[in-house]
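J.: Residues or ranges marked as topological domain 'Extracellular' in Swiss-Prot (evidence: similarity to another entry): 1-55, 113-128, 192-215, 345-359. Under the heading transmembrane segment, Swiss-Prot lists 56-78, 90-112, 129-150, 171-191, 216-238, 324-344, 360-381. The topological domain 'Cytoplasmic' annotation in Swiss-Prot covers 79-89, 151-170, 239-323, 382-479. Summarising the annotation, Swiss-Prot assigns ergotamine binding site to Asp134, Thr139, Leu208 and lists similarity to another entry as the type of evidence. Look at Swiss-Prot and you will find Asn203, Asn353 tagged as N-linked glycosylation site, backed by sequence analysis. As annotated by Swiss-Prot, motif '[DE]RFG motif' applies to 211-214, with the evidence given as similarity to another entry. Residues or ranges marked as motif 'NPxxY motif' in Swiss-Prot (evidence: similarity to another entry): 375-379. Positions annotated as S-palmitoyl cysteine by Swiss-Prot, on the basis of sequence analysis: Cys396.
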Amino acid sequence: MASSYKMSEQSTISEHILQKTCDHLILTDRSGLKAESAAEEMKQTAENQGNTVHWAALLIFAVIIPTIGGNILVILAVSLEKRLQYATNYFLMSLAVADLLVGLFVMPIALLTIMFEATWPLPLALCPAWLFLDVLFSTASIMHLCAISLDRYIAIKKPIQANQCNSRTTAFVKITVVWLISIGIAIPVPIKGIEADVVNAHNITCELTKDRFGSFMLFGSLAAFFAPLTIMIVTYFLTIHALRKKAYLVRNRPPQRLTRWTVSTVLQREDSSFSSPEKMVMLDGSHKDKILPNSTDETLMRRMSSAGKKPAQTISNEQRASKVLGIVFLFFLLMWCPFFITNVTLALCDSCNQTTLKTLLQIFVWVGYVSSGVNPLIYTLFNKTFREAFGRYITCNYQATKSVKVLRKCSSTLYFGNSMVENSKFFTKHGIRNGINPAMYQSPVRLRSSTIQSSSIILLNTFLTENDGDKVEDQVSYI
């Protein structure tokens, strides 16, 4: 029995060892499966991260690069092209600066947050600075569009007062005011700062939270978007109404006699006859060989007729400019409306799904960034001067084209609006007495029949050439 007990005990011990061995093998097998499963998860995560980086690269080429390149071209065009250096176009250049800064400092960092799955990858102190620049440059872009619409409406409604204030200095003052308003709207972000968790400082999301910036998200959206949007819509329709009213008056006005275009008594003296080829005294004092045809009456009336079309051409150019503005505002509305509506909803709606709204904000903010790259495209499509300048700059040709303006120089000094004293000073400076060069003086009896006619042609050519130049300028500045 003892022997039997020992064998039974031995058998029991052997079975116990065998059971433990089997359990160990099973655990080892399960551990191997877990390790294999963990490896698969790590591989899947790596693939997902690779897809995120690839998508980020597509965003760089699709949004950021065109935004930077297009706005640089706009800044170069206004800076180098004399035909584009007008007060209104300085607004466009400042708008391009704001959009360029969005492409340089805001979009790349926003792209980094996408690559790192919304975790702030830079030093913590840079987070409020980046948020401030984001709000500042985006607000400045919106405010510039609002200022341009206001400026256009005032120029059409009160052209005389607007022309008196339409200087480079005045434009720079207006631009400064726009930037100061934008800074005032964005300044609460760095003052308030972000609420950082010191324990998890490496896992911070750089965004405006509802708890800390709820009131700013609401009132900032009203000041930076909805108020300018209201102003733009109202001024745009008022501008269209004013242009239609002007066009109606131009089409239905009675034909005007040209009695106000009588030649000044300063020039109603004898002048040399141009019916034969000889040197003609130009208004800038130079000499030029020129033959005037005998049918000077027909030429004069044709030039007067073309000058009479100036108001209609101006109305047409202004209507075209308003259409371009309408396209700009339409794109602006489509690009920024989703973001600001979602932003206000996030600030007001407590029962809404906050995670879903934050995800929509991350998508819609990039739609808003696209607006910074759309503006240069619109200028390229609708403005021939911008289009020609962009084409030359892309081929590294930065030399501005020279506009042909033969009598433009003297027209800025001598024209009907000047006083008689100013015109007399001009003649004295260029050695012309009573509108005549002494070296070219001939007998009054010989030239009596063509005196007033020839002098009228000289000054009317100057006046009409100036009008033609204004016509070109109107076509250059569409905004």
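Glycine too: its Cβ is placed from the backbone N, Cα and C atoms.
What does the local environment look like for each feature on the list?
T.: The average pLDDT computed over the topological domain 'Extracellular' (1-55) stands at 45.
Taking DSSP states H, G and I as helix and E and B as strand, the topological domain 'Cytoplasmic' (79-89) has 8 helix, 0 strand, 3 coil.
Outside the transmembrane segment (90-112), and at least 6 residues removed from its termini, the chain residues within Cβ reach (under 8 Å) are 56, 59-60, 63-64, 67-68, 71-72, 74-75, 78-79, 121-122, 130, 133-134, 137-138, 140-141, 144-145, 147-148, 151, 168, 171-172, 174-175, 178-179, 365-366, 369, 372-373, 375-376, 379, 479.
Here the transmembrane segment (129-150) has Cβ contacts under 8 Å with residues 88, 91-92, 94-95, 98-99, 101-102, 105-106, 109-110, 122, 174-175, 178-179, 181-183, 185-187, 189-190, 194, 206-208, 220, 224-225, 228, 231-232, 235-236, 239, 325, 328-329, 332, 336, 368, 371-372, 479 of the same chain, all six or more residues outside its ends.
Sequence-distant neighbours of Thr139 (ergotamine binding site) (same chain, six or more apart, CB under 8 Å from its CB) are Ser182, Ile185, Ala186, Ala224, listed in sequence order.
DSSP states for the topological domain 'Cytoplasmic' (151-170), grouped as helix (H, G, I), strand (E, B) and coil, give 16 helix, 0 strand, 4 coil.
Only residues 6 or more beyond the boundaries of the transmembrane segment (171-191), in the same chain, are considered here, and those with a CB under 8 A from a CB of the stretch are 87-88, 90-91, 94, 128-129, 131-132, 135-137, 139-140, 143-144, 147, 151, 208, 213, 216, 220, 223-224.
If you look at the motif '[DE]RFG motif' (211-214), the same-chain residues 6 or more away from its ends with a CB under 8 A from one of its CBs are 188-189, 192, 194-195, 347.
Among residues of the same chain six or more beyond the topological domain 'Extracellular' (345-359), those with a C-beta under 8 A of the stretch's C-beta atoms are 207, 210, 214-215, 217-218, 221.
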J.: Which sequence positions outside the transmembrane segment (216-238), separated from its termini by at least 6 residues, show Cβ-Cβ distances below 8 Å to it?
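T.: Distant contacts of the transmembrane segment (216-238): 135, 138-139, 142-143, 145-146, 149-150, 152-153, 157, 182, 185, 188-189, 192, 208, 210, 322, 325-326, 329, 332-333, 336, 340, 343-344, 346-348.
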J.: Which one is it, among the recorded positions Asp134, Leu208, Asn353, that lies nearest to Cys396 (S-palmitoyl cysteine) by Cα separation?
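T.: Nearest candidate: Asp134.
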J.: Same-chain Cβ contacts of the transmembrane segment (360-381) under 8 Å, 6 or more residues past its ends?
T.: 59, 63, 66-67, 70-71, 73-74, 92, 95-96, 98-100, 102-103, 106-107, 110, 114, 118, 138, 141, 324, 327-328, 331-332, 335-336, 338-339, 342-343, 346, 387, 390, 479
J.: Take the C-alpha atoms of Asp134 (ergotamine binding site) and Asn353 (N-linked glycosylation site) and report the distance between them in angstrom, rounded.
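T.: That comes out at 25 Å between the alpha carbons.
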J.: Could you give the Cα-Cα distance between Asn353 (N-linked glycosylation site) and Leu208 (ergotamine binding site), in whole Å?
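T.: Approximately 17 Å lies between the Cα of Asn353 (N-linked glycosylation site) and that of Leu208 (ergotamine binding site).
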J.: Minimum Cβ neighbour count within 10 Å among the recorded positions Leu208, Cys396: which residue?
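T.: Looking at the recorded positions Leu208, Cys396, the Cβ with the fewest others within 10 Å is that of Cys396.
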J.: What is the maximum Cα to Cα distance, in Å and rounded to a whole number, among the residues Asp134, Thr139, Leu208 annotated as binding ergotamine?
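T.: Taking every pair among Asp134, Thr139, Leu208, the longest Cα gap is 16 Å.
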